[in-house]
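Comments concern the structure below.
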Amino acid sequence: MDARQMKINAAQAALGHVEDGMRLGIGTGSTAEEFVRLLAEKVAGGLRVEGVPTSERTARLCVELGVPLKSLDELPELDLTIDGADEVDGQLCLIKGGGGALLREKIVASASARMLVIADESKLVETLGAFALPIEVNPFGQASTRIAIEKTASRLGLTGELKLRQSGDGIFTTDGGHYIFDASFGRIPDAEALSRELNAIPGVVEHGLFINMAALAIIAGPAGARTLQAKK
Ligand SMILES: O=C(CO)[C@H](O)[C@H](O)COP(=O)(O)O
């Protein structure tokens, strides 16, 4: 079974958690897009939902496929967010932001009663950190913010390259107009401490560690999709 089919299978299983009338946060990335395609079929069949997209890219796909959208200001409290991830550990802590949408993804997930992650099994890891951690920063003073991140990481025993994300010929900018450093720290034994310390750096807008946010993860592999539940 190829990776796309596993993403479709995870997205299909996630649809089982969507109920008529729900206010849905809709994630970003290739797995979330499979979910949008399946959701659009259900909407065409009569399912009533209102979605809040986590990126302009997701918004465009939803509009194209006829999934009704609202802004987060119109729907500030959501029932369920369904989103992909770059890494998922056994406690359902995540690295997100490979698609550059981590800030809106985190705001939308925080506004939701539940967050459900959909992923193929290549995303499941024992310890977060093989995937470079996206850190969204304000363009103002980004060189100083880089130094502050490096010093903070080093205090926690983490070293590695911080790469300013590029797009085409220029610097990648997020939907919010920020930059992203992809930090290759390697394994992150204490993701909670790193999250806390990064949040304390003024130029850091947000980072891709999602700690204690996901309630469920649907992980699809060749043998089928299984659901992991966060420990309370
Ligand atoms: O965090 C994200 C976007 O910011 C995505 O959820 C993450 O990058 C996974 O994407 P994909 O489903 O394409 O592997």
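Backbone N, Cα and C atoms are what each Cβ position is placed from, and that goes for glycine too.
Listed in TrEMBL for this protein:
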{"type": "ACT_SITE", "residues": "E105", "note": "active site, proton acceptor"}
{"type": "BINDING", "residues": "T28, G29, S30, T31, D83, G84, A85, D86, K96, G97, G98, G99, K123", "note": "substrate binding site"}
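When the alpha carbons of D83 (substrate binding site) and E105 (active site, proton acceptor) are compared, the span between them is 8 angstrom.
Distance noted between the C-alpha atoms of G98 (substrate binding site) and the residue listed as 'active site, proton acceptor' is 11 Å. If you check the binding-site residues T28, S30, K96, K123 against E105 (active site, proton acceptor), the ones with a Cα inside 10 Å of its Cα are T28, K96.
Taken residue by residue with DSSP, S30 (substrate binding site) is part of a helix. Apart from the site residues T28, G29, S30, T31, D83, G84, A85, D86, K96, G97, G98, G99, K123, the chain places the Cβ of G27, A32, A101, E105, A119 no farther than 8 Å from the centroid of the site's Cβ atoms, the recorded substrate location. Using a 10 Å Cβ-Cβ cutoff, K123 (substrate binding site) registers 23 neighbours.
The maximal spread of the substrate binding site, taken as the longest Cα to Cα distance among T28, G29, S30, T31, D83, G84, A85, D86, K96, G97, G98, G99, K123, is 15 Å. Cβ neighbours of T28 (substrate binding site) (same chain, under 8 Å, six or more residues apart in sequence): P53, T54, S55, R57, T58, D83, G84, G99, G100, A101, R104, E105. With the fewest other C-beta atoms within 10 Å around its C-beta, G98 stands out among the binding-site residues D83, A85, K96, G98. Sequence-distant neighbours of S30 (substrate binding site): residues of the same chain at least 6 apart with a C-beta under 8 Å from its C-beta are R4, K7, G84. Every protein chain shown contributes to the tally, and the Cβ of the residue listed as 'active site, proton acceptor' ends up with 32 other Cβ atoms within 10 Å.
According to DSSP, K96 (substrate binding site) is assigned to coil rather than to any helix or strand.
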